[in-house]
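K.L.:
This is the structure I have questions about; it appears just below.
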């Protein structure tokens with residue numbers, strides 16, 4: 001059915017206006033022993049250049065709770081951040097700090113003047129409805145927003161409520177997911193079709209360029225086949241070279257996707273008893289995606305409560321944290337990122353890197369000069385730092401290690417870089 005639906009609109013898709021691709025890769029940071037924050041890469045690949053904000057786009061059909069969740073999560077994030085920086089850029093974009101309890105501990109031990117956490121930017125993307133790729137709703141306006149995000153959070157309605165009419169007349173998670181995914185697929189098919197035509201006409205100037213063009217053409221043809229079968233681009237196995245040569249297209253179905261099952265307040269503690277949630281969970285494997293359960297209703301109610309009463313309210317529902325933490329942790333888990341810290345009298349700060357990065361690459365997150373002139377990294381595990389009470393004490397106890405260029409940074413490392421430029 002997916003192939004038939006895709007095939008019927010391929011011709012129409014070629015008439016769609018193309019957009020200049022904007023692509024950024026995401027990173028994030030963690031809290032406690034689990035991940036609860038996010039950052040962003042500014043270069044296209046696994047560069048060590050990062051900032052402190054991940055851009056996550058929230059999509060979903062009308063009346064699934066998308067905007068309710070966006071508004072509540074942004075407000076909750078602001079409140080939880082206390083004196084951390086945050087802002088609302090425009091009505092559909094909100095940036096909030098994501099505090100990490102470890103930061104507070106390190107800051108206190110180091111008597112830091114400033115504490116710098118990670119932040120996350122949420123974008124409420126409107127207009128992604130059935131037929132959007134062919135001009136329905138806001139048409140292709142959603143493309144300019146969704147191409148700029150690092151990951152996609154697709155809100156899926158998993159609750160019954162006669163007062164909130166479903167756009168299709170009934171609650172059907174699979175149907176909702178298919179509608180959104182097909183619109184993304186249509187956009188990718190349009191882009192791929194045009195690119196393949198250009199590659200057929202192009203003449204490589206040298207052998208290296210020819211190899212790259214052939215690799216790109218081969219990869220795009222396989223991705224095209226997957227899309228026509230209703231599968232996302234991220235489901236196609238690609239070589240490192242193929243990944244490199246197609247990334248400039250920033251295909252929408254290549255972006256990391258997390259399905260956000262929006263449930264009623266009564267289902268939050270035991271989501272496994274909700275058949276809709278189980279249906280969403282079952283689809284995630286085939287769609288190469290993650291999933292998380294939240295209640296937009298609960299998130300909205302939290303915004304009305306004082307901070308000190310929120311934990312008590314969540315506990316009364318049988319849960320320990322808000323949806324914000326769940327969303328961030330799920331995103332982090334899917335992307336495979338980690339955090340290290342720097343801590344001193346001036347400031348305590350969380351930095352995010354890809355798992356597997358070396359000490360020089362991690363240093364480059366702070367400044368390119370740190371990576372270029374890297375000498376060594378004085379490193380201590382977070383737990384050892386806390387038990388020692390300070391960096392100096394950790395050094396005296398032999399807990400502070402001197403690591404070289406080959407050291408692979410571990411989650412929670414507290415680091416001091418030595419460099420010379």
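Numbers here mean position along the shown chain, with the first residue as 1.
Positions of Cβ are set from backbone N, Cα and C atoms, glycine also.
TrEMBL lists 54-336 with the feature domain 'OBG-type G'. Annotated ATP binding site per TrEMBL: 63, 64, 65, 66, 67, 68, 263, in sequence order. Residues or ranges marked as domain 'TGS' by TrEMBL: 336-419.
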K.L.:
For the domain 'OBG-type G' (54-336), what's the mean pLDDT in this predicted model?
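P.N.:
Here the mean pLDDT over the domain 'OBG-type G' (54-336) amounts to 85.
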K.L.:
Tell me which residues of the chain lie with their Cβ under 8 angstroms from that of residue 68 (ATP binding site), as long as they are six or more apart in sequence?
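P.N.:
The list for residue 68 (ATP binding site) reads 296, 297, 299, 300, given in order along the sequence.
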K.L.:
Compute all pairwise C-alpha distances among 63, 64, 65, 66, 67, 68, 263, the residues listed as binding ATP, and give the largest one in whole angstrom.
P.N.:
15
K.L.:
Tally every other Cβ atom lying within 10 Å of the Cβ atom of residue 63 (ATP binding site).
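P.N.:
Step by step: centre on the Cβ of residue 63 (ATP binding site), count other Cβ atoms within 10 Å, giving 15.
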K.L.:
Counting across all protein chains shown, how many other Cβ atoms sit within 10 Å of the Cβ of residue 66 (ATP binding site)?
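P.N.:
For residue 66 (ATP binding site), the count of other Cβ atoms within 10 Å is 25.
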K.L.:
Per DSSP, how many helix, strand and coil residues does the domain 'TGS' (336-419) have?
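P.N.:
Computed counts for the domain 'TGS' (336-419) are 26 helix, 33 strand, 25 coil.
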